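As recorded in Swiss-Prot:
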ACT_SITE  Glu329  active site, proton acceptor
ACT_SITE  His330  active site, proton acceptor
BINDING   Tyr133, Gln191, Asn214  NAD(+) binding site
BINDING   Ser240, Gln262, His265, His330, Asp363, Glu417, His422  substrate binding site
BINDING   Gln262, His265, Asp363, His422  Zn(2+) binding site
Amino acid sequence: MQPTNFNTLINWQQCSEEQQKALLSRPAINASERITATVSDILDRVKAEGDSALRDFSQRFDHVQVADIRITASEIAAASARLSDDVKHAMAQAVRNIEIFHNAQKMPVVDVETQPGVRCQQITRPIASVGLYIPGGSAPLPSTVLMLGTPARIAGCQRVVLCSPPPIADEILYAAQLCGIQEVFQIGGAQAIAAMAFGSESVPKVHKIFGPGNAYVTEAKRQVSQRLDGAAIDMPAGPSEVLVIADSGATPAFIAADLLSQAEHGPDSQVILLTPDAAIAQAVAVEVEQQLALLSRADIARQALESSRLIVTNDLQQCIDISNAYGPEHLILQIRQPEEIIDQIDNAGSVFMGDWSPESAGDYASGTNHVLPTYGYTSTYSSLGLADFVKRMTVQQLTPQGLLGLASTIETLAQAEQLTAHKNAVTLRVTALNNALTAVNKE
């Protein structure tokens, strides 16, 4: 059962298992062979030719002749001066909340004695250098700068590099300044990912790359993450999505606004409404059409609605089960007492509870991070946080008594795995300790 548009109400119980599976399928995102090959060529050229290739690709893809790849401090200051105070104050408020939430994520040192004389610790260190990719296009995304730059600063990353297609919007440059980012480069697309992964005369190589992008950027991140000479990435990326669970007390206008706020991201976005109330579903369909007519990106949102769903269920529990199976990037619970069911939610990037928690709050300023796993990756990946900008190390320290107390266990396991050198590393020390003890006793 494939609906032709978002006005079609689908009764979940009347669908076969195969139809239900199809209803929860997402728009395909597999990179075409052409994109894969093009990106591979871009990576190789940037690695071999550096800035020359970056300027060539800027001319070819962005239709901009770039003389200086790096944005100067004076250019950032000028951009900041052009911004209105309202925008600056809004960004400052967002940063404050993001700081509070991400500061709370700092991990304490784990320090335990697993048995007498055996001390084990877990400590964290910041990733030394990170690269942030901020898309260009028809609308700037300064909020993504804040979402990436703030935790990078809190984590203590020594070097934070930002790349964005030319010309870079004033809002992005000011957001970078607000986050303390000094190395900003006007390059975009797969070539920007290549520059940060391999380095060039102007752009420093980084250890890990963060940020969203189009199919070419996504494919470039995938490829560099699989190369020994490349860089790690934040998470696999897919089209944006939202799933709303609504009960009979929900407000259709609120639901429609939340669905459309996701649909306007791109034609490959997907939005889903789950409700046991058919009247609510029908009212939402009407609201969507009315609000859609007023949107500046109505054409984009309408395309996204073609692969979206209005699903009527038997009850609220069935909504929860379907949502967990789908694993949405954003999950909105427009139900009474949402806190009573949050423990049943297993797979979601970020959850918005109640009528007064629009997705937009998390996208911009509540404090949570808006970089989230999509495309079903919520079953194994988490929303971006401070942990993504640090790495964990374990430390162990054994006293002589600690080693003696653990020696037979280690030797037995090493012998079972036929790893003689592992066993010898313990046996030699035990022998040395016993010899020393014997010598002391003789004295």
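Note: Cβ is positioned from N, Cα and C throughout, glycine not excepted.
Overlay of Swiss-Prot feature records on the structure.
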| residue | record | contacts (Cβ under 8 Å, 6+ apart) |
| --- | --- | --- |
| Tyr133 | NAD(+) binding site | Leu162, Cys163, Ser164, Ala192, Ile193, Met196, Ile209, Phe210, Gly211, Pro212, Gly213, Val217 |
| Gln191 | NAD(+) binding site | Ile42, Val46, Ala53, Leu54, Phe57, Ser58, Phe61 |
| Asn214 | NAD(+) binding site | Pro135, Gly189 |
| Ser240 | substrate binding site | Gln262, His265, Gly266, Ser269, Gln270, Glu329, His330, Thr374 |
| Asp363 | substrate binding site | Ser143, Ser261, His370 |
| His422 | substrate binding site | Ile410, Ala414 |
Where Asp363 (substrate binding site) falls in three-state DSSP terms: helix
Most Cβ neighbours inside 10 Å, all chains, among the recorded positions Glu329, Glu417: Glu329
Other CB atoms, at most 10 A from the CB of His330 (active site, proton acceptor): 25
